[in-house]
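Chemist: Sending over a structure as structure tokens; questions will come in a sec.
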Amino acid sequence: MRNQALILLCIVVFGVIGTCHGGSLRKKYYKKTCPNAEEIIKKATEKHVANDSTLPARFLRMHFHDCFVRGCDGSVLLNSTTNNSAEKDAIPNLTLAGFDVIDDIKAEVEKKCPNVVSCADVLALAARDAVSFKFQRPLWEVLTGRRDGRVSRVSEALANLPSPFSNFTTLVRNFANQGLNVHDLVVLSGGHTIGVGHCNAFSNRLYNFTGRGDQDPSLNPTYAAFLKTQCRNLTDNTTFVPMDPGSVFAFDNNYYVTVKQNKGLFQSDAALLTNKGSRNIVNELVDPKKFFTEFAQSMKRMGAINVLTGNEGEIRKKCFVAN
């Protein structure tokens with residue numbers, strides 16, 4: 001009964017159970033054990049981002065995909081083994097990229113502080129620092145103290161990651177399973193303002209929306225005509241287009257302007273307009289100040305999903321293999 005009460009308290013106070021697992025995340029967790037950890041990660045991240053403008057979107061997506069499966073525990077970074085297919089090899093994760101860069105950043109930290117800083121924290125910080133690079137200030141706070149998980153299963157990635165084909169009801173359920181609400185769903189969808197989407201994630205909206213060779217009537221016709229010039233058929237799985245036209249490398253609130261024009265690339269983007277409550281939030285986030293404030297808060301909540309802390313999990317020396 002006492003344990004049940006504790007779990008309920010965690011849900012009420014923190015919004016996600018994970019923040020109560022074995023301790024809690026906090027500011028400057030490595031202050032005594034690796035004082036310069038966050039600065040090392042920031043410098044290494046910025047060095048890579050300066051040479052590759054695709055990394056902010058890639059790291060943001062990787063962090064999101066990590067947190068939605070077993071919590072923010074770095075399990076998305078683990079390689080498959082002879083006896084196990086890891087999250088990394090799930091279909092939704094096959095287009096993730098930048099694992100080698102995360103490994104490089106982790107190696108820089110290991111040089112100064114061996115076996116101290118988790119891969120989960122490296123990924124959470126690198127995602128923040130990459131997106132923040134052009135702003136020269138942190139866009140959201142990242143509390144630290146995550147531990148690395150030892151388990152990574154392809155089946156769990158398939159079961160838990162939100163799909164670009166999802167309707168509003170399914171998306172709400174996906175987010176609720178992680179302790180996040182409709183507001184978080186709409187705010188975090190704003191991450192689609194940077195990065196690209198592959199044709200096979202939305203081409204059904206162009207060529208076979210209801211199985212009758214038709215087009216999604218909710219998709220802006222002019223935009224649909226343009227997309228058809230890029231994605232020639234349903235089977236194209238190599239071509240990609242910006243998720244937010246004209247804003248592929250600019251982290252801003254233009255995504256919501258695009259969605260309101262019925263130019264959301266994925267069915268999951270268009271779904272935000274199918275519910276009055278989420279539609280109202282979309283309208284609010286057209287205000288840049290509101291977007292940046294709300295995005296920072298939702299990222300902080302997402303970064304605390306089911307984290308391992310204290311003596312749970314491990315600290316991996318190399319992010320792609322469990323100790």
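Cβ atoms are placed via backbone N, Cα and C, with glycine included.
Automated prediction, rather than curation, is the source of TrEMBL annotations.
Per TrEMBL, the features are:
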ACT_SITE  His65  active site, proton acceptor
BINDING   Asp66, Val69, Gly71, Asp73, Ser75, Glu87  Ca(2+) 1 binding site
BINDING   His192  heme b binding site
BINDING   Thr193, Asp244, Asp252  Ca(2+) 2 binding site
DISULFID  Cys34-Cys113  disulfide bond
DISULFID  Cys67-Cys72  disulfide bond
DISULFID  Cys119-Cys319  disulfide bond
DISULFID  Cys199-Cys231  disulfide bond
DOMAIN    24-323  domain 'Plant heme peroxidase family profile'
SIGNAL    1-22  signal peptide
SITE      Arg61  site 'Transition state stabilizer'
Chemist: Take the mean position of the Cβ atoms of Asp66, Val69, Gly71, Asp73, Ser75, Glu87, the recorded Ca(2+) 1 site. Which other residues of that chain put their Cβ within 8 Å of it?
Modeler: His65, Cys67, Phe68, Arg70, Cys72, Gly74, Val76, Gly149, Ser152
Chemist: Cα-Cα separation of Arg61 (site 'Transition state stabilizer') and Cys119 (disulfide bond), in Å?
Modeler: 16
Chemist: Tell me, if you would, which residue among Asp66, Asp73, Glu87, Asp244, Asp252 (binding-site residues) has the fewest other CB atoms within 10 Å in the structure shown?
Modeler: Asp252
Chemist: Whole-number Å only: compute the distance from the Cα of Cys199 (disulfide bond) to the Cα of Ser75 (Ca(2+) 1 binding site).
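Modeler: If we compare the Cα positions of Cys199 (disulfide bond) and Ser75 (Ca(2+) 1 binding site), the gap is 27 Å.
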Chemist: Can you name every residue in this chain, apart from Thr193, Asp244, Asp252, with its Cβ inside 8 Å of the center of the Cβ atoms of the recorded Ca(2+) 2 site?
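Modeler: Counting only non-site residues, the set is Gly190, His192, Ile194, Ser247, Ala250, Phe251, Asn253, Asn254, Tyr255, Thr258.
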Chemist: Among the recorded positions Cys72, Glu87, Asp252, Cys319, which ones place their C-alpha within 10 angstroms of the C-alpha of the residue listed as 'active site, proton acceptor'?
Modeler: Cys72, Glu87
Chemist: Hey, of the binding-site residues listed (Ser75, Thr193), which one tops the CB count within 10 A?
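Modeler: Answer by Cβ density within 10 Å: Ser75.
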Chemist: Would you count the other CB atoms within 10 A of the CB of Arg61 (site 'Transition state stabilizer'), including those on all shown protein chains?
Modeler: 21
Chemist: If you average the pLDDT over the domain 'Plant heme peroxidase family profile' (24-323), what number do you get?
Modeler: 97
Chemist: A 10 Å Cβ contact count, applied to the recorded positions Cys34, Val69, Cys72, Cys319: which residue has the minimum?
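Modeler: It is Cys34 that, of the recorded positions Cys34, Val69, Cys72, Cys319, has the fewest other Cβ atoms within 10 Å.
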